[in-house]
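*Asks:* First the structure, then my questions, so here it is.
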Amino acid sequence: MPAQQTPVRHHEKHPTIILSLILISYMMIVIDNSVVITGLPKIHQELSFSLAGLSWVSSAYALTFGGLLLLSAKAGDLFGRKKMLNIGLSIFTLASLAISLAPDAEFLVIARAVQGVGAAILAPSTLAILQITFPAGPARTRAISLYAAAGGLSASVGLVIGGVLAELVSWRAGFMVNVPIGIVLIIAASRYIDETDKQSGKPDIPGAILSSLGMTGMVYGTVCSGTLGWGSLVTQLSFLVGGLLLLLFILIERKMHEPIMPLHLFNSAERSGAYAARLLYIGAAMGFFFYSTQFMQGVLHYSPIQAGLAFLPAMMTNFVVALNVPKLVQRLGSRRILIVSLLFALTGMLMLSRLDASSTFISGLLLPTLFLGIGIGGAMGPLTTSGINNVAPKDAGAASGIVNVAHQIGGALGLSVLVAAAETGGENLAEVPLLIHQTGNAFTAGAVLIALSLLLVLTVMGRAEKK
């Protein structure tokens, strides 16, 4: 039985409330990731993690989040996006409570994996509801720009909040704060968000299993590349098995009547280019946050709070630019804004690659971080819009899932590539010179990723615009 054609519902009753609920839900996911980064040293001390085990605080979350995104996105199309939003919020909130009460390392890792399940259900639901709530045009452009701005703002705010709470209160407080917020969001979503029409038809069970296992294999390989190295047999087998499962997934999806990932979404050069460009760009952005923090703490000897506060100029620039993207897009067009934003980010990353022992925050970090703030703030909205542009309402969840997969896999895989680049050479250097050498290599690799992203925008997405 063919799927029902879901009508687009442009909500006239409470669009501002719905947008606020979506933004806060999305911010909760992003802030949580940043809070973990600055809380890791305290978690290591309190729960007696081994160094290898500590990486699983982030990796367990990444595995379930990345592995279940496509399945969760399609579930929203089949069972209703409001229902999936509330399920995601409930799981995320309960897992946050469990993490804040974790008695030992093993319990914490399991709770983080469960939290990743909640995030995997929640993330595509937020973008799909936003797409259906706001009509194509200025209203949707503004909503998506705010969505992108919320993500960029949250990443930096999370670093500051995590550092402050870890030092002055407890690392547990960063997770406990999700509980009251999550409860309020569930109550408000139940009242103000209408349920979307559900598609008829059978769930794509083979696609669900293969996509989840394949994505999990790729994410696990990415995780292992950072802990065991790219030459590890476990790393290589994870990528091989994950890649083969995803290849089989694509072959099966071509024959499915109701696929979990409609392959026709990739028929658009604009969407395909946006997915690939996002994957590369997010990898570079993750490297920027990770290695800037390393440089500030290892070379400039900043405390976690100081390092978090040092991102405030970039954060504010990001936010201001993202808020003005809708007006800029109306004047200049989405692709031009995207090109200029990527050029700013590329310039900033190249400047960071030249940091040395004499660099200070003012002389070496301020200007390039501002450039990257402009680049990230200006690019994320257009990339998101292009990723869901001209998508039928019945495919809104699937398209949102692909955007989130590109984001999640891009961040994990890109950071692993930068880590591998950072480790190249410098064997005989002392600790601080070695860190400078590593950050320089990582930022250079990040610049290459941004350049490749820019190339995709100029070529693949450029052809789409001409058509």
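Glycine residues also receive a Cβ, built from the backbone N, Cα and C atoms like all the rest.
Pulled the feature table from TrEMBL, pasting it below:
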- 17-37: transmembrane segment (TRANSMEM)
- 18-465: domain 'Major facilitator superfamily (MFS) profile' (DOMAIN)
- 49-72: transmembrane segment (TRANSMEM)
- 84-103: transmembrane segment (TRANSMEM)
- 109-132: transmembrane segment (TRANSMEM)
- 144-165: transmembrane segment (TRANSMEM)
- 205-223: transmembrane segment (TRANSMEM)
- 229-252: transmembrane segment (TRANSMEM)
- 273-293: transmembrane segment (TRANSMEM)
- 305-325: transmembrane segment (TRANSMEM)
- 337-355: transmembrane segment (TRANSMEM)
- 402-422: transmembrane segment (TRANSMEM)
- 442-461: transmembrane segment (TRANSMEM)
*Asks:* For the transmembrane segment (305-325), what are the same-chain contacts with Cβ under 8 Å, counting residues 6+ beyond its ends?
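*Replies:* 38, 141, 145-146, 148-149, 152-153, 155-157, 159-164, 167, 289, 292-293, 296-297, 337, 341, 361, 365-366, 369-370, 372-374, 376-378, 380-382.
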*Asks:* Using a Cβ cut-off under 8 Å, which residues of the same chain at least 6 positions beyond either end of the transmembrane segment (402-422) come close to it?
*Replies:* 62, 65-66, 69-70, 73, 123-124, 127, 215, 218-219, 222-223, 225-226, 230, 261, 265, 275-276, 278-287, 290-291, 384, 387-388, 438-439, 441-442, 444-446, 449
*Asks:* Given the cut-off of 8 Å on Cβ pairs that are 6 or more apart in sequence, determine whether the transmembrane segment (273-293) and the transmembrane segment (442-461) share at least 3 such pairs.
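*Replies:* Stretch pair touches.
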*Asks:* Residues of the same chain, at least six outside the transmembrane segment (229-252), with any C-beta under 8 angstroms of its C-beta?
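*Replies:* Contacts with the transmembrane segment (229-252): 206-207, 210-211, 213-221, 261, 263, 420.
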*Asks:* Over the span of the domain 'Major facilitator superfamily (MFS) profile' (18-465), how high is the average pLDDT in this prediction?
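*Replies:* Within the domain 'Major facilitator superfamily (MFS) profile' (18-465), the model's average pLDDT equals 86.
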*Asks:* With Cβ-Cβ distances below 8 Å as the criterion, list the same-chain residues six or more beyond the ends of the transmembrane segment (144-165) that contact it, or say none.
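*Replies:* Residues 19, 22-23, 26-27, 30-39, 126-127, 130, 171, 173-174, 289, 293, 303-305, 307-309, 311-312, 314-315, 318-319, 322-323, 325-326, 373, 376-377, 380-381, 383-385 contact the transmembrane segment (144-165) from elsewhere in the chain.
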